[in-house]
Amino acid sequence: SFEGRVEVYHDGKWGTICDDQWDDRDAEVVCRQLGLSGNPKALSWAHYGQGSGPILLDEVECSGNELSLDQCKKSDWGQQNCDHIEDAGVSCDPFTDFSSGAQAVPFHPCRVLIFPFPSLAEGTVRLAGGHSPSEGRVEVYYNGDWGTVCDDGWTDLGAQVVCRQLGFR
């Protein structure tokens with residue numbers, strides 16, 4: 001999917017971003033970080049539905065040239081004055097025409113790991129047992145150990161996400 005609510009991972013939790021100051025320059029950075037090259041469009045007012053759990057960031061102000069949200073001006077973690085009705089979203093879809101007034105229905109939030117970690121971060125993925133570095137069994141680092149991913153409900157969409165996390169297009 002090219003669009004959805006933006007969620008970030010911090011301190012062991014996924015959370016949303018408040019849409020205060022949220023604009024197309026922020027969306028451009030999110031799309032770049034997700035490895036998507038579509039037409040970046042910022043969406044506000046929980047366009048893709050309200051999240052749950054913490055609202056982790058507010059007042060995000062990117063110039064549009066950053067490689068990740070990590071490099072953008074933003075509030076401190078957890079410092080916000082928002083409700084989930086203000087959850088930020090993005091569309092990176094090259095085929096989206098917002099002038100038509102059509103409303104997209106997302107299936108998954110756009111989840112972005114935005115801060116580098118000194119050691120392996122929980123949720124880091126790798127491929128193991130393949131014939132080349134670009135194929136193999138998907139493994140996830142969690143709680144200090146590598147584990148496999150069950151294939152129940154596994155689709156091409158999941159594979160695309162893993163490929164993007166590993167830097168493939």
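Along the chain as shown, the residues are counted starting at 1.
Positions of Cβ are set from backbone N, Cα and C atoms, glycine also.
Here TrEMBL annotates a disulfide bond for CYS31; of CYS72, CYS82, CYS92, the partner residue is CYS92. In the disulfide annotation of TrEMBL, CYS72 is paired with CYS62 out of the candidates CYS62, CYS82. Applying an 8 A CB threshold to same-chain residues 6+ apart, the list for CYS82 (disulfide bond) reads CYS18, ASP19, ASP20, ILE55, ASP58.
Comparing Cβ neighbour counts within 10 Å across the disulfide-bonded residues CYS18, CYS31, CYS62, CYS72, the minimum falls on CYS72. Mapped onto DSSP classes, the domain 'SRCR' (1-93) shows 16 helix, 26 strand, 51 coil. Per-class residue totals from DSSP over the domain 'SRCR' (125-169), listed helix then strand then coil: 10 helix, 14 strand, 21 coil.
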